[in-house]
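Peer 1: According to TrEMBL:
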DOMAIN    29-131  domain 'Cadherin'
DOMAIN    132-240  domain 'Cadherin'
DOMAIN    241-345  domain 'Cadherin'
DOMAIN    346-450  domain 'Cadherin'
DOMAIN    451-557  domain 'Cadherin'
DOMAIN    570-674  domain 'Cadherin'
REGION    145-168  region 'Disordered'
SIGNAL    1-28  signal peptide
TRANSMEM  682-705  transmembrane segment
Amino acid sequence: WNGRRSGGRPRQVSFLLCVCVWQSGAESLRYSLAEEMERDSFVGNIAQDLGLAPSQLAARKARVVSEGSQQLFRLNPSSGVLTAKESLDREEICPQRETCTLSFKVFLDNPLELIRGEVEVVDVNDNSPVFPKKEMVLEISEMTSPGSHFPLESARDKDPGSNGLQNYSLESNMHFSLSFGKGKGGGKYPELVLEKQLDREEQPVLNLLLTATDGGSPPRSGTAHIRIMVLDANDNTPMFSREIYEVRLEETSSPGPIVARVEARDPDEGSNGRVQYAFTQTLEGSQQLFDLNADTGEIRLAGKLDFEDAQKHEMMVKATDGGGLYTNCKVQVEVVDVNDNAPEIALTSKTASIPEDAPPRTVVALFSVRDRDSGDNGRTECTIEGDLPFTLTPTFDNYYELRTNAALDRETTAEYNISIRATDWGQPRLSSRQSVRVQVWDVNDNAPAFSQELYSLWVTENNSPMVRIGSVKARDADAGSNARVQYALVREEGEEQPALSVNAESGDVYALRSLDYERLRALEVRVRATDGGRPALSAQAVLRVLVRDENDNAPVVLHPGGESGAGELVPRWAPAGYLVAKVVAVDADAGQNAWLSYELAKATEPGLFRLAPHSGELRTARAVAERDAPRHRLVVLVRDRGQPPRSASATLAVALLHRFSDAHVRLSHEPPPAEPDQTLRLYLIACLACVSALCLATGLAALLIKVRRDRRKRDEPLPTFPTAVADSDAGSLPRSLVYDVCLATGTLSSDFQFLGPLLPCLP
């Protein structure tokens, strides 16, 4: 039990709160709530009625949406309790309705689910019957016959049903009794019935009290005073030509034109025959929409009709003559619906998201369409504008599901702006549009892709450890962590640690140690790029590192070899261009760093010999003369073309002889004596003088020298290449052209022996 004040005077409100909940097969909830309850009043426990735990409601983002623009209820996701956001006034929410039902929808996510619900607002007796006027004045002729009926203004009670108006009572008097008349709609109104003829001379004015009582508990009542003015005889009452005037108006009719004309005639003369018109027993809303000319009976439209607010207007017109006699007629205005309301699209959310691997027919969003018109004007259809991989599926109560109808690809389209158009079937057809933004979640469906299948990088030998020599790059068409690429070298089982390293994040390639071109000219590994998805996807590319040669090796002279150089014999009759010797050198480097040039750095007789700069051939620059010294010492410089250039030198001894069989001439690696040429001639003359005497000794000596030379050949090992040279195929002299030069020292003659290559010629 609860009490409340309204309008400055207390009134008692009694109510009984009944909460009734049941769930149909279509997941429908029904509750009831008494009106005028306080704010945040308990309506029902949705979690309990749905068989869900409150934590499930919170996890599934449960929310309540009331129909219409005003949200009347609130759902507590923590407890699952549905409460009223404010105190509900049934008469304000559902005027002139027997039942007041408020519909709402419960939306649940994961999975998407919609549950219908209704709350019936139960009426309480909080309104008393009220008469339109506190005082009603009736003018009744004294000639009125007993049994005449005089309709009275009906009381209004905003409460419906049993709490509404139930009965009238009239205070006791000797002239009138109370009866009830019934209107065409079935409603009853009070009437005064004259029981005893009036006598103006005896009582010109009568005052009565009319009481209206409702059926509430306790009942409420309202009163009106009736003042009856007794008139002189006016024996004719005005008469309408029709009891009911029916009019049809379109809701778009403009204010101003005449809607209807009522006419009542009174055969009396003078003021008793002059009729005045007025509205009576008409709802306030209808009176504001229409104007009645009191003299002519013309009814004009004064406001804007709306079929959605009221489909019919009923008005009672009272015609009163000058003598106070009156009669009533009814005017019924039927409002014709016109297609003046476009469909309304109510979206649960203007944004949605879906993974790109979602199968077709996946539900993306849910929305409803409502048109306030009726008939075909309120019938709607929905379409999607454009060629998009989505479709609409109707469900129930004008609700639609937005579903996919094809596979999605985020890399092609990451977001869709779907325009939904709702069109009614009226004439002309009206439509409205709403947009839904659908974001496509990324799924790891793209492997990284290298920009090249083969990366070729160069590094100069003798590099510093951990020097950056380049980078590899792979891109992933996915997004977020699915597109984050990490790099690593692919190592086979049992493979040794490579000389390279790849930065896992940037793809930069580093040389872990110093590289030597002469040992390793190229290195090839495989690089793997792996994304951050689950499961991870990867791709591979080939990384080839080429070592660039650097001039870090000096030339090596193969001939003449030894620290003291080598000896060569030149006959005195040698002409210009005579080949004395060939300087042979190699360089372990490659390219320009191994291109060698030869030059004479020092010579005993500079003008006698010349050295070819490219081939290393030592030839006589002119014919040998008798005056030339018999022994010459030459220093040969071999230089490569690297930057900076490197060089090596070798010493070559040359002896000039008349004949190679001269046993008294020996090659010497010592520098020639600094004695003058005259002394040398004396020695030669002495030697020649002894030749004849030593002829026999010379033959014997020649035989011994031959035997000794053969023995030395057998015992002397073949010369070998330096290690660095033997391991390289670089240099100015190919291996297939390397010859062994054998000279017999300590004899008067030397022979050149050309041998085959020391190393096999490999392809």
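Each residue, glycine too, has its Cβ placed from N, Cα and C.
Keep in mind that what you see is a predicted model, and the values were worked out from it rather than measured.
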Peer 1: Who are the long-range neighbours of the region 'Disordered' (145-168) in its own chain, taking Cβ under 8 Å and residues 6 or more past its ends?
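Peer 2: Here the qualifying positions are 91, 95-98, 123-133, 136, 138, 178-181, 187, 189-197, 210-216, 219-220, 222, 224, 226, 280-281, 328.
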Peer 1: Which stretch from 241-345, 346-450, 451-557, 570-674 shares the most C-beta pairs under 8 Å with the domain 'Cadherin' (29-131)?
Peer 2: 346-450
Peer 1: Mean pLDDT for the domain 'Cadherin' (346-450), as a whole number?
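Peer 2: Taking every residue of the domain 'Cadherin' (346-450) together, the mean pLDDT is 87.
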